[in-house]
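Features of the protein shown, as given by TrEMBL:
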type: ACT_SITE; residues: 254; note: active site, proton acceptor
type: BINDING; residues: 253, 257, 276; note: Zn(2+) binding site
type: DOMAIN; residues: 10-149; note: domain 'Aminopeptidase N-like N-terminal'
type: DOMAIN; residues: 182-290; note: domain 'Peptidase M1 membrane alanine aminopeptidase'
C-alpha cells in the first residue's frame, strides 16, 4: 500500500454507542490506491471512529513524506525529512480520504532527535523529552483543511523570525543571510492581502521553509510554505535581477494561496486552475503594490 504497512489486526471501527466492528479483510486496489474494508455487519448511517495502525516508509523520491540532504559548511552531509502532498500524496504518509473537498482537523505529534527541530502547520503546543536523545513535539490542532495542505518538516535548520514571531523563515544556516528579501516580500504580501480581503490568514503563524530539493517551485501548505531553495534565497551581492524577481513572485504567489486555495479550496482537482489563477493574479497585484524598482522593466529579465 504505497509507503504504508498496515497492522491489519489492529484496525477497528467504533460507533457512537461504543460498539466495535472489525473488518473481515483489507482489500487494496493498486490502480485506484483505494483501501476497502468489508464488514460482516451492515453499518447504519452515523458517526464512526476508524482506527488504523500503520508504519510509514521515509522515501527518497520527494513525494509524500520524504528525506533529502544538503552539505553543510563543514563539508558534512546533513539529512532532513519533509512532506509534499499535492495532489494525492498525503496517502503516502497516512491513511486518509485524500480528496480536496473532504476537509478535517489534524492533531500532529512528531518524535525526533533533540538536535533537530520539528515544524508543522500550527504552532507548537508543548514538547517533552523521550528516551535515547529523542523528544516529542506536539502541535496545536489545525483548522478544517484539505489533506494536501498538511505539512511537517524535521531538520537542523535555523529560524529567522520577524518582530512578533508570526512569520518565520527556516533554512540551513548558510542561507540565513539570503532569506531576508523573501521574508520582506512575505510580510508585505500578508499586509496587502489582509487589507484587500478584509480577512486574516486564519492560522496564527506562517513559516517559510526552504528545502534543497522539491518537485515544485514551492508549496502553499497552510501555515508552513515549503520552497525549493532556488526560489527562496536572494544574494544581493551576486544574484541577478531575474533571481530577485523569481523570489518575490514565488513568495507573493504562495502567500496569496493562504486565502485562495487554503481558506477557499477546490471541490475537485479539475478546479485547481481557480486556485492558481487567483494566486497568479494576486502575486502581480502584490508586486505592483510593493513597487520595487526591479519590477519596472520585468520583461527585460526574460
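Cβ coordinates come from backbone N, Cα and C, glycine included.
Structural mapping of features recorded in TrEMBL.
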residue	record	Cβ within 10 Å
253	Zn(2+) binding site	24
254	active site, proton acceptor	26
257	Zn(2+) binding site	23
276	Zn(2+) binding site	14
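Model confidence over the domain 'Aminopeptidase N-like N-terminal' (10-149) stands at 96, taken as the mean pLDDT rounded to a whole number. Residues 253, 257, 276 make up the record's Zn(2+) site, and a Cβ search at 8 Å around their centroid adds 220, 254, 256, 260, 261, 275, 278, 279, 280, 283 from the same chain. Rounded to a whole value, the Cα-Cα separation of residue 276 (Zn(2+) binding site) and residue 254 (active site, proton acceptor) is 10 Å.
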